[in-house]
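Below: one structure, written as structure tokens.
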Amino acid sequence: MLTCGRFLSSSAATTTASFSPLRTLTRSLLRRPHPRLLSSASAAAATTAVEPDTKAAGGSGAGGGGAVRPQWKASIDFKWIRDNRDAVADNIRSRNSAANLDLVLELYDEYLALQKEVERLRAERNAVANKMKGKLDPSVRQALVEEGKNLKEALIGLEEDLVGLTDKLQLEAQSIPNATHPDVPVGGEESSVVRKEVGSQRSFNFTIKDHLQLGKELDLFDFDAAAEVSGSKFYYLKNEAVLLEMALVNWAISEVSKKGFTPLITPEIVRSSVVEKCGFQPRAQNTQVYSIENSDQCLIGTAEIPVGGIHMDSILLESVLPLKYVAYSHCFRTEAGAAGAATRGLYRVHQFSKVEMFIFCRPEESDKWHEELIMIEEDLYASLGLHFKTLDMATGDLGAPAYRKFDIEAWMPGLERYGEISSASNCTDYQSRRLGIRYRPAPSEPPTANAKKGKAAGGPTQFVHTLNATAVAVPRLMVCILENFQQEDGSIVIPEPLRPFMGGLEVLSPKSK
């Protein structure tokens with residue numbers, strides 16, 4: 001498998017010489033503006049794994065100032081992309097991706113040609129060096145010295161170009177989305193298919209209220225004060241709503257832990273490179289990520305990011321797989337572009353608590369674990385008595401990392417619609433190739449007595465598959481509970497599984513005046 005960064009020179013020097021048509025062609029390619037990078041806003045969003053060079057502009061060639069350099073490198077199988085060009089192109093189109101496959105393949109061909117030229121010059125230089133080892137006539141030695149010097153200068157220049165070309169190839173290829181499961185419906189969100197429906201909409205014999213009105217009458221939260229303190233789409237939780245949040249979190253962690261998941265509380269500030277490696281775009285237009293000014297750090301939008309990074313740049317033993325985590329964190333999202341009555345109240349906010357499930361597993365088991373995750377989610381919400389449907393999301397609704405994604409949408413009577421309360425995604429090796437997470441397969445047979453000492457048993461390492469799923473997104477489940485279990489007198493019945501986590505409280509009642 002070819003990894004683009006594998007051939008990078010760690011100390012490529014600068015040169016002004018140009019020794020071959022290939023080098024001239026390469027420099028021309030490196031200088032050429034890429035329309036996708038310069039004019040397309042959506043394309044810029046897809047290439048946020050890079051930052052501009054901070055050096056002054058005006059340089060030439062691969063090492064010129066103003067060049068765009070990737071801050072990290074993914075292990076991308078370029079040969080597979082080239083060999084499956086039509087399938088990759090169809091996938092890019094069906095997912096509405098801005099990735100430029102033609103440019104990636106053009107750069108890859110240039111990369112292969114330039115790498116071949118570099119290897120040829122290295123071989124020639126080695127041959128010259130070998131010729132100089134014996135006793136030679138001074139004139140012959142001088143000629144070899146001159147030839148070696150010319151080859152060295154040419155090689156330095158080509159290696160510099162190789163670095164620049166590799167950077168451009170990596171940058172462009174990072175925007176290619178994951179492959180898609182063959183059963184995923186093709187199209188926009190409206191093409192998503194309902195896999196399962198649980199329960200039915202509750203019938204009310206009184207005029208129902210939405211969660212905003214219920215929360216105001218029960219004195220459960222305060223949006224007005226939070227707007228003055230923090231801005232719109234923030235809130236204070238008060239009284240029993242605080243107990244309800246804690247109950248939802250503790251109940252979810254307790255239930256999921258019974259399934260063999262290790263509980264975690266994660267950092268809520270992470271390096272922007274980790275955000276990017278997980279497939280999110282902290283520097284894109286309309287980004288959902290809050291970046292911290294004058295730093296390389298971001299606030300997390302989901303615990304998926306710090307949990308995904310917990311084994312970054314590691315080789316795991318096959319015997320420890322699957323690794324299953326259930327993580328609690330606060331989440332922060334800009335919710336850029338989100339507005340309207342459908343997103344009012346607690347439904348779409350900038351800060352909220354969430355319990356997230358995450359799995360690292362062997363490739364052949366990721367489909368099985370994906371089904372396991374959606375089953376856990378369905379069991380959790382069914383036990384609360386919610387009416388919901390599970391959807392197999394269409395290609396146009398998949399983020400770049402997701403191979404397949406199941407969403408659960410619950411009925412919210414006060415909002416008079418279904419609203420997403422969770423999702424479960426199989427990201428296959430998309431994230432692990434970026435995060436550098438592999439495992440070493442166990443040997444099929446015990447090592448023999450004459451096995452070489454220190455040689456790793458079990459064959460070459462492989463990338464793990466990663467999966468993530470929401471156990472509880474607190475505000476949206478609060479919406480569901482308040483609106484679905486409201487009573488005519490304005491009280492709210494607490495679902496039975498949550499009562500032990502609320503000190504036995506069964507009903508939220510209006511405050512006496």
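Just so you know, glycine gets a Cβ as well, placed from its N, Cα and C.
The L-serine binding site annotation in TrEMBL covers Thr302, Arg333, Glu356, Asn468. Of all the Cβ atoms in the protein chains shown, 20 others lie within 10 Å of the Cβ of Arg333 (L-serine binding site).
The feature ATP binding site is assigned by TrEMBL to Arg333, Thr334, Glu335, Val349, His350, Gln351, Phe352, Glu420, Ile421, Ser422, Ser423. Cβ neighbour count for Glu335 (ATP binding site): 16 (other Cβ atoms within 10 Å of its Cβ, all protein chains included).
The annotation coiled coil is assigned in TrEMBL to 104-161.
Here TrEMBL flags 58-67 as compositional bias 'Gly residues'.
Sequence-distant contacts of Thr470 (site 'Important for serine binding'), defined as residues of its own chain at least six apart whose C-beta falls under 8 angstroms from its C-beta, comprise Lys354, Val355, Glu356, Met357, Glu377, Ile421, Ser422, Ser423, Ala424. Among the features that TrEMBL reports, site 'Important for serine binding' is placed at Thr470.
For the L-serine site, the Cβ centre of Thr302, Arg333, Glu356, Asn468 serves as reference, and the other residues of the chain with Cβ at most 8 Å from it are Ile300, Gly301, Ala303, Glu304, Ile305, Cys331, Lys354, Thr470. Within 10 Å of its Cβ, the residue among the binding-site residues Phe352, Glu356, Asn468 with the fewest other Cβ atoms is Phe352. Taking Cα separation as the measure, Asn468 (L-serine binding site) is nearest to Phe352 of the binding-site residues Glu335, His350, Phe352. Calculated from their C-alpha atoms, the gap between His350 (ATP binding site) and Thr302 (L-serine binding site) amounts to 12 Å. For the coiled coil (104-161), the model gives a mean pLDDT of 84. Within 10 Å of the Cβ of His350 (ATP binding site) there are 19 other Cβ atoms, across all protein chains.
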